[in-house]
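*Asks:* For Arg191, Ala192, Gly193, Arg194, Thr311, Asn335, Ser523, Arg584, the entry in TrEMBL reads CoA binding site. For Gly387, Glu388, Pro389, Asp411, Thr412, Trp413, Trp414, Gln415, Thr416, Asp500, Arg515, Arg526, the entry in TrEMBL reads ATP binding site. Taken from TrEMBL, the feature Mg(2+) binding site applies to Val537, His539, Val542. Per TrEMBL, domain 'Acetyl-coenzyme A synthetase N-terminal' is recorded for 24-81. Residues annotated as domain 'AMP-dependent synthetase/ligase' in TrEMBL: 83-467. Taken from TrEMBL, the feature domain 'AMP-binding enzyme C-terminal' covers 531-609. Residues or ranges marked as N6-acetyllysine by TrEMBL: Lys609.
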Amino acid sequence: MTDKQVYPVTPEVAKHALINKDQYQAMYKQSIENPDQFWAEHGKRVDWIKPFTKVKNTTYDYNALSIKWFEDGELNASVNCLDRHLESRGDQTAIIFEGDDPSDSRNVSYRELHDQVCKFANVLKSQGVKKGDVVTIYMPMIVETAVVMLACTRVGAIHSVVFGGFSPEALGSRVVNGKSNIVITADEGLRAGRKIPLKKNVDAALKNDDRHTVKTVIVVTRTGGDVAWTEGRDQRYEDLMTNASADCKPEPMNAEDPLFMLYTSGSTGEPKGVLHTTGGYLVYASMTHQYIFDYHDGDVYWCTADFGWVTGHSYILYGPLVNGATTLLFEGVPNYPDSSRMGQVVDKHQVNILYTAPTAIRALMAQGESCMDGTNRSSLRILGSVGEPINPEAWKWYHRVIGNGECPIVDTWWQTETGGILISPLPGATDLKPGSATVPFFGVQPALVDAEGTLLEGEAEGNLVIMDSWPGQMRTIYGDHERFIQTYFSAYKGMYFTGDGARRDADGDYWITGRVDDVLNVSGHRLGTAEVESAMVSHPKVAEAAVVGYPHDIKGQGIYVYVTLMQGEEPTDELKKELVQWVRKEIGPIASPDVIQWATGLPKTRSGKIMRRILRKIAANEYDQLGDTSTLADPSVVDDLINSRQSK
Ligand code: WT7
């Protein structure tokens, strides 16, 4: 990377900031040298029903792996998000709801949210939901989704939110894997004026997958559209809420009791149910939210993510609400009704902190600066970026156009597995470099290793690992602890392997270069190549498929699929369209292939392993850098692929 430009902390930002340069250095040092003392102090930022006496009990020793934080403490997440604010800020807005339609918005106070959550917690109880049960949530971005998530935590149930853009097939397998007895959904979602048939998808998921044990489906009315009804199973949210009491005693949870699970893609197999526990997660999510976004009381904070991803969990819901913040919940998309929407929403609600994704910024950038016409965004103070590396051009555009050249950008690197942000600037403490996630948060020890696991010193590029545990770390893969250990702790013994590559520059700043495993990052959404391949080959005309990512201007990465057809099948453009539809149906629109290339054969080693490295180069049009092809079973396959790629 040649971009050496630095944006130093400005005096105005430094004056206002919670943490300055010296404080960052001192606190970071303490957090690494004396983690017990550091986290004992910061663990008190949440309210404990029974205070912890133990702080950190973790080992990355491969044969004795164990991760426990605050292990003898007891607390409840909904109490930390709601009850504890009632006295001091009961009438303050907790959630600003901004609907898909710009005329549809409302504010929900902490008191109202508390009422709704207690009521729905009682509804859950009346439906037989108990501590430790898994509740599947398949909902749009509406206030009720926050209510349902928090109500689960009040009774000690584990929520499993499935992104509303996933297909019935993807939903069904997650319901089955989580052994969920109950699904909460809405009649339809609304996005960019279009209706998303959520209830219909739930019906299809439960009908097509007979391995599930779902007894109850609760349906929130969002559009009032017609939906099919299964008597005895389906219940209307509004009916159940009418008679529910707003008095519900919170379930005391051990710090290490599960809070939620969330599926994410890996390089192999089915998506993994990443499990987070209660105490460490809440401490970490709220602390990172406060310091990284330099959140001050009274700020209006907007994270544009969806509840279906971890960003929606940690930085729309839990982090902000534990901190007593006003968090904006947006149902729509940044370019509806037109591309000025983001700026419009910022002005309308006087947003101070905006947290969004590089793909959204690039999409706006492609519209030209005029997409901010008619808005001034003068309320903004801090900007955030998440989901994929942000290219310096997009970073500078975000800074200059959206932030009027005045707001620091925090480029926050983390993962579903990490629970919260691990590497990011702090606005008042870190000089910014466009494209760099810069420095670790308190308690986080990143390092780089080569392929053999040797630690690299100083300026270097390698695989990104984390040397010791932090409180927000995932604890297991739901139902498969062995897979947890294998996936994250077996590549490099004694270290957590992130799956990302990174560079550390001469100043010690980190630059994330992207995944080094077979995981794609499409518009900030994570997808396993194996998942897309398995969807592809389930089509009757497909013999074999290989999926790779390739550079895409807006999405960051696009999906490129090499397909070998069954003997006798015709490679037509109609079939390409059919295959795209097939993958959308199997996984969801986010997995739509961008390019399908017919292949008569795929480059494989003599042991039959597909060499994706070569396929990535061909997809990216980099034919002169194919590397060593001598280990291929049939090297001529490569020439065929290049020829058919070039003749297109
Ligand atoms: C992967 C995790 C963390 C919430 C959203 C994605 C990539 C994430 C950045 C960033 C460079 C980033 C990594 C990571 N990623 N943030 N600021 N710079 N890369 O969560 O779906 O679990 O994906 O997203 O490759 O491993 P996720």
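Cβ coordinates are placed from backbone N, Cα and C, and glycine is handled just like the others.
Automatic prediction, not curation, is the source of TrEMBL annotations.
Situate these features within the shown structure.
*Replies:* The DSSP secondary structure for Arg194 (CoA binding site) is strand.
In this structure, Trp414 (ATP binding site) belongs to neither helix nor strand by DSSP; it is coil. Using a 10 Å Cβ-Cβ cutoff, Trp414 (ATP binding site) registers 24 neighbours.
Take the CB of His539 (Mg(2+) binding site) and look out to 10 A: across all protein chains shown you find 19 other CB atoms.
The average pLDDT the prediction assigns to the domain 'Acetyl-coenzyme A synthetase N-terminal' (24-81) is 98.
Residue density at Lys609 (N6-acetyllysine): 11 other Cβ atoms are found within 10 A of its Cβ, drawing on all protein chains shown. Look at Lys609 (N6-acetyllysine): DSSP puts it in coil.
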*Asks:* Give the helix, strand or coil assignment DSSP yields for His539 (Mg(2+) binding site).
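*Replies:* For His539 (Mg(2+) binding site) - judged by DSSP and reduced to three states - the answer is coil.
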*Asks:* If you compare CA-to-CA distances from Val537 (Mg(2+) binding site) to each of the binding-site residues Arg191, Gly193, Thr412, which comes out shortest?
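*Replies:* Nearest candidate: Arg191.
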*Asks:* Give me the count of other Cβ atoms within 10 A of the Cβ belonging to Val537 (Mg(2+) binding site).
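*Replies:* Around Val537 (Mg(2+) binding site), other Cβ atoms within 10 Å: 14.
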*Asks:* In the structure shown, which of the binding-site residues Gly193, Gly387, Pro389 has the fewest Cβ neighbours within 10 Å?
*Replies:* Gly193
*Asks:* Whole-number Å only: compute the distance from the Cα of Thr416 (ATP binding site) to the Cα of Ala192 (CoA binding site).
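*Replies:* Here the two Cα atoms are 27 Å apart.
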*Asks:* Apart from Val537, His539, Val542, which residues in this chain have a Cβ no more than 8 Å from the mean position of the Cβ atoms of those residues at the Mg(2+) site?
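*Replies:* Surrounding the site, in chain order, are Ala535, Met536, Ser538, Pro540, Lys541, Ala543, Glu544, Ala545, Val563, Leu579, Trp582.
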